[in-house]
Amino acid sequence: MAILINNANEVLTMESDVKLPRRREQMSELGLKTEVSVLIEGDRIAMIAPLDEIKQEYPHLVGSAEVIDARGKIVMPGLVDCHTHLVHGGTREHELNMRLAGRSYMDIMNEGGGIHYTTTKTREASFDGLYNKTVQHLNEFLRHGVTTVEAKSGYGLDLENEIKQLYVVKKLQEEHAVDIVSTFMGAHAVPKEYKGNEDEFVKIIIEQMIPKVAELGLAEFNDVFCEKGVFTPAQSRLILEAGKAYGLTPKIHADEIEPYEGAELAAEVGAISAEHLLVASDEGIAAMAKAGTIAVLLPGTAFFLRAPYARGRLMVDSGVPVAISTDFNPGSSPTISLPFIQNLACMNMGMTMEEVLCATTINAAHAIKRADEVGTLEKGKQADVLILDVPNYKQLQYFYGMNHTDTVIKAGDVVVKGGSLL
Ligand SMILES: N=CN[C@@H](CCC(=O)O)C(=O)O
Ligand SMILES: [Zn+2]
């Protein structure tokens with residue numbers, strides 16, 4: 001089956017000669033084309049060129065293709081959300097008034113709420129219950145133009161329930177249109193039963209959980225919440241090094257609430273990315289730029305926790321490759337709207353309208369090792385394509401807080417049309 005998209009006002013291919021995670025001015029390269037059509041063959045992009053040229057090259061395909069008229073609209077790659085806590089039981093709206101009254105996120109967690117509350121709900125949930133809830137979330141992601149998501153475990157916090165979460169991801173990888181990239185995050189919190197005995201839990205992660213997850217092939221990445229009162233930099237290092245020995249690439253929740261030299265640690269252990277970085281130090285940012293560590297910034301979390309935003313502008317200017325993501329989770333960022341997260345990154349982190357598009361497509365794809373497949377519109381890449389109901393890309397950030405997604409093509413199939421899931 002072929003699809004031909006004609007008449008778009010703008011096609012942002014996001015293409016560039018740069019094949020590494022993009023830095024500085026490379027982040028502004030949109031590969032913007034006008035007066036071109038996009039031809040999709042099967043699940044791949046076949047050609048992006050003026051219609052005459054496509055007709056010459058692929059006369060038969062063009063003749064049989066489903067034609068989509070994108071007049072007045074723009075076309076770009078499917079969005080990549082490279083940091084989510086996708087699979088979880090329950091919701092935490094009861095914490096919101098507490099936080100609005102001044103209780104801190106960490107206080108709520110230390111008193112048994114927060115991540116611990118969601119852990120209880122996730123442990124209580126059946127596999128089918130978690131699966132069905134997650135399908136709803138993935139459908140919403142698609143409606144918002146997100147075609148690839150990363151998903152972290154970390155609400156089981158024991159072997160059985162971590163594996164349960166990861167198997168939900170595995171089943172959805174096989175069954176749902178959205179591509180899901182799996183991260184093991186047994187080190188998301190120290191469960192209540194190990195309070196005061198934290199090193200014992202670290203040992204269980206290293207000696208039992210990581211080997212089992214690797215043996216079952218349930219994750220590609222290994223993440224840790226390096227934060228005062230959660231895992232120390234020393235414990236985090238041990239966990240990340242252990243993962244490396246089993247082929248799991250390190251990621252790290254770094255410098256989210258208090259500075260803890262998490263960015264520095266990410267650079268030292270060769271993490272692919274350091275995530276959050278709200279209070280990352282100048283030295284940490286410099287170390288990441290030098291090591292090429294991708295900063296995954298999560299402005300929805302700063303918004304929802306009413307915390308200071310990460311210094312996105314400084315990071316881009318310092319040569320750190322920057323990606324941005326929803327951090328979708330039930331506690332610190334219960335939103336699926338990556339378009340709104342782009343808006344927040346512009347308004348509160350000083351990133352430009354061009355940079356946030358790079359940060360939610362190709363740089364986000366790099367952060368989860370999918371840049372060869374998705375994140376740009378290029379011949380041979382997977383046909384994850386959005387048609388957005390705006391006449392130019394600048395309106396994506398101007399008409400903020402809105403979902404402009406009209407059509408989503410996922411691996412060559414139309415899955416959202418007129419803003420609705422098919
Ligand atoms: N900070 C740690 N983990 C999540 C929040 C998880 C939760 O509150 O349930 C985050 O990335 O923000
Ligand atoms: Zn997170």
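Cβ from N, Cα, C; glycine included.
Site annotation for N-formimidoyl-L-glutamate in TrEMBL covers Asn329, Gly331, and the matching candidate from Tyr58, Tyr131, Tyr155 is Tyr155. TrEMBL names His83, His85, Asp327 for binding Zn(2+). Of His176, His253, His404, the residue it gives for the same site is His253. Among the binding-site residues His83, Arg92, Tyr155, Asp327, residues whose Cβ is positioned under 6 Å from ligand 1 are identified as Asp327. Among the binding-site residues His188, Glu256, Gly331, Ser332, no residue has its Cβ under 6 Å from any atom of ligand 2.
His253 (Fe(3+) binding site) falls within a strand when secondary structure is assigned with DSSP. If you compare Cα positions, Gly331 (N-formimidoyl-L-glutamate binding site) sits closest to Tyr155 out of the binding-site residues His83, Tyr155, His253. Same-chain residues with CB within 8 A of the center of the Tyr155, Asn329, Gly331 CB atoms, the N-formimidoyl-L-glutamate site residues themselves not counted, are His85, His88, Arg92, Gly114, Ile115, Thr118, Gly154, His188, Pro330, Ser332.
Secondary structure at His188 (4-imidazolone-5-propanoate binding site), taken from DSSP and collapsed to helix, strand or coil, is coil.
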